[in-house]
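Notes for the one structure printed next.
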Amino acid sequence: MKSVLSERKALHPPNIDDIEHRELPGTAAQAVRDLAAEIARTSTHSAVNASEPLADPALLAQISTHAGDLPAAVRATLRPPATAAGACIVRGLPLSDSEIGPTPPDWQTAALWSTDPGRARGSLELDIAMLLLAAAAGEPFGWAGQQDGRLVNNIVPAAGHEFEQSGASSTVLLSPHTEDAFHPQRANMLMLACLRNPESVGTTVSSIRRVRLTRPHQDILRTPTLPILPDVSYGSAFERAEAVPVPTLWSEPGHEDDPGSLTLRFDPAYTPLDDACPEFREAYAQLERELERVCAMPALRPGELLLIDNDVAVHGRVPFTPRYDGTDRWLKRVNIRLPEHPRRAAESRENGYGQQIVAPFPPAPPRQAAPAREVRNERNGAVDDRGSIGHT
Ligand SMILES: [Fe+2]
């Protein structure tokens, strides 16, 4: 997969038309930035933890309270992806390169710089803006074991991590994966915000609702066979003996016969495939090939948000050569829980390898879930346009 995606990057421009696009209205976008700036300005007096303002309950209370005051267009635009692509790009957040300062060399430095009065305040303001947007979309949360529990993660290339399967890598393909696939409380929706991407490095997005799989392959992949282990960003201090097999594919409850409701949980880099029988490995390999075939590769631009339905689409990143000179690609990531998207009851029995979420926001009011028919019938992404999943 690495070589093929690398070749695609070289041969083809990113096919962003494969993904739904939305525009955040100018007045709504400016309201987010203005409110974030106001909260950042006043938070300096109330921060309990000066090194991590986003852990300050008073600051979070301000964000939670005032997110509801934003124009209704913010919540409407930040609704979950509505097409079979399982992802959408939201444009329109005002952002200038000069306000964010240089790209930090790692996430730890990003956190330090965001509260350094001698540096640009843009990063902290943008963190607050990210939380306002995420709170309008659903319930933002973090992980106690990842980036010290921060609710807004910085994704930058870090020296010494070039070949990892993590957001800190660069020179290898970041394989398509479900975010935090190992955990039953993983995000329903992922928000990736682009601050800087001067070389137009492509983010990969592949939807399970665009793949073609035979019914036997589907049936094999629906059978809990292998565990998915925590990725390297959580360290290695987990108990492998706790691993439980999970299904790779399943359908949304109540829609078992509807190909437009297929969902997945997929992270090959952290799945012990050698432990499976040849039939499972073949079905899994076919799924990998299909996810590669349907892969879209948007090159995010500053101010763009990529929303990913974490049950429908897997994401990754093409390889690139880091500069480590303050101009590298820089994304911010927020995990979002959507109460209207409950998971299979069986997942509630998983222990998540001891990893705990950090969820300081009150539960978000549920949206009315989009009907499955809406998901199937959109342009260009419709599973049933090709009559595709299964049955061949
Ligand atoms: Fe990821």
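FYI, residue positions are counted from 1 along the chain as it appears here.
Any Cβ shown, glycine's included, is placed from N, Cα and C.
Heads up, TrEMBL stuff is auto-annotated, nobody curated it.
The Fe cation binding site annotation in TrEMBL covers H177, E179, H315. The feature 2-oxoglutarate binding site is assigned by TrEMBL to T223, R329, R333. Residues or ranges marked as compositional bias 'Basic and acidic residues' by TrEMBL: 373-392. Annotated domain 'TauD/TfdA-like' per TrEMBL: 175-334, in sequence order. The feature region 'Disordered' is assigned by TrEMBL to 342-392.
Checked against ligand 1, the binding-site residues E179, T223, R329, R333 give E179 as the ones with a Cβ under 6 Å from it, listed in sequence order. Excluding H177, E179, H315, which define the Fe cation site, the same chain contributes P176, T178, A181, L190, D267, I308, N310, V314, G316 within 8 Å (Cβ to the Cβ centroid), listed in sequence order.
Taking a C-beta cut-off of under 8 angstroms and a sequence separation of 6 or more, R333 (2-oxoglutarate binding site) has the following same-chain neighbours: V152, N153, N154, I155, G167, L190, M191, L192, A193. Neighbour count (other Cβ atoms within 10 Å of the Cβ, all protein chains): 13 for T223 (2-oxoglutarate binding site).
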